[in-house]
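S.K.: Below, the features straight out of TrEMBL:
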- 1-478: domain 'Major facilitator superfamily (MFS) profile' (DOMAIN)
- 1-16: signal peptide (SIGNAL)
- 38-57: transmembrane segment (TRANSMEM)
- 69-92: transmembrane segment (TRANSMEM)
- 194-213: transmembrane segment (TRANSMEM)
- 225-244: transmembrane segment (TRANSMEM)
- 256-289: transmembrane segment (TRANSMEM)
- 301-321: transmembrane segment (TRANSMEM)
- 333-350: transmembrane segment (TRANSMEM)
- 356-380: transmembrane segment (TRANSMEM)
């Protein structure tokens, strides 16, 4: 029965890496390369907004129906992405996909707490982690192959049939224990229980804050009206949301008292900070190898495999440990130590001539992430009341995604600032310094083609910027 849940996990994770491999071709076809990043951002933003809503909605309407709703939204978004006639239509469809993708992953973890004993949840989550890893590994390859052969649209459309099959299998095979819904089986009565005002202002606050993280200092300067308005909306939305949840909502979409639980706050913080470090690492490594080894994007991506494998092994080991001992605190501490070890090795030994053995130093970072994801979820579910597991779990996934967005945005900002500073020093005295800097900042192919003294100036600048990212993003792990 649980295997039915893994189909959606695989599809959603494959889609993520699929778009990473194809967004350049998609945006180029519409002659809108500058908007290509929105194919990724729209999905992630929609996922972050929707994720905390699934917990409460699943308490009201049931786990099974919410999971099926997530599948349906994902299927609609998939079809829309494949059939979109303009870049705006595809970006909007990706947002719908993200809304469904949020539930396809977090609802599985919530369902596991309903279907298996708590001490076995970590073991089952490790199996989910394996499927996620396989999905992420396959998505880019399959997406690239389909794009090169039959076109990028089929990279989306081929996801539609298995998603529909997953909807049918959930209806047929998934039998979830009945939960107390306050005796209400009438749809209108259930709708009246939804905290629409709280959901709206929470979504507004999350979306506005993430837009600042995603665009501030990169797409727009921090004094740009869009960024200023987003900051104001994030602050105002947060304040109004807190007032609604505390004084008005009968059934809060996210009970504020959860944030007074030490285990909840620490779980959210640990997962968020771990994701900041790991996503920053995964973001910067391909650039490092493209510059120092002249690696193609495909080959540079292969250097991420040790981290992906480490993630899988970390989840499996943690699942087995918790199932045997019932303890989750030791793995959580181990995760932080393992990540620090990875960043220390990278700072000390990645100097531009990285060999095969040294390329494995990212394994501890991936291992730590796998450990943290499994251990923190168990710590959270064991520290809150049974009827609050779904809501608290949704918040945990949100904190992880916020960490991921922050990691990529932060790494990009640190990298660009450090690279500009280093290039300015190394190119000082050259008559064409401004032109060289402009090209070196915007085109990795230019750096790869550089030879002689020019390459001797550009490559160390990139290595310096990479080390600044390693050093900065390792701070949260302390």
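Any Cβ shown, glycine's included, is placed from N, Cα and C.
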S.K.: Does the transmembrane segment (194-213) reach the transmembrane segment (38-57), going by 3 or more CB pairs under 8 Å (6 or more apart in sequence)?
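M.R.: Between the transmembrane segment (194-213) and the transmembrane segment (38-57), contact is present.
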S.K.: Can the transmembrane segment (69-92) be said to touch the transmembrane segment (256-289) if we require at least 3 CB pairs below 8 Å and skip pairs under 6 apart in sequence?
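M.R.: No, since the transmembrane segment (69-92) and the transmembrane segment (256-289) share fewer than 3 Cβ pairs closer than 8 Å, they do not count as touching.
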S.K.: What else in the chain is close to the transmembrane segment (256-289), if you only count residues 6 or more beyond its ends and a Cβ gap under 8 Å?
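M.R.: Same-chain contacts beyond the ends: 242, 245-246, 295, 297, 299-301, 303-304, 307, 332, 335-336, 339, 342-343, 346, 350, 354, 362, 365-366, 368-369, 372-373, 376-377, 379-380, 382-384, 388, 391-392, 395-396, 399-404, 406-408, 410-412, 415, 444, 462-463, 466, 469-470, 473-474, 476-477.
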S.K.: Taking a Cβ cut-off under 8 Å, which residues six or more beyond the ends of the transmembrane segment (38-57) line up next to it in the same chain?
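M.R.: Distant Cβ neighbours of the transmembrane segment (38-57) are 16, 19-20, 23, 26-27, 66, 70, 90-92, 94-99, 101-103, 106-107, 110, 194-195, 199, 202-203, 206-207, 210-211, 214, 251-254, 390-395, 397-398, 401-402, 404-405.
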S.K.: Who are the chain neighbours of the transmembrane segment (301-321) in space, where the CB to CB distance is under 8 Å and they lie at least 6 residues beyond its ends?
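M.R.: Result: 122-127, 129-130, 133, 136-137, 140, 278, 281-282, 285-286, 289, 295, 327, 330-331, 335, 338, 359-375.
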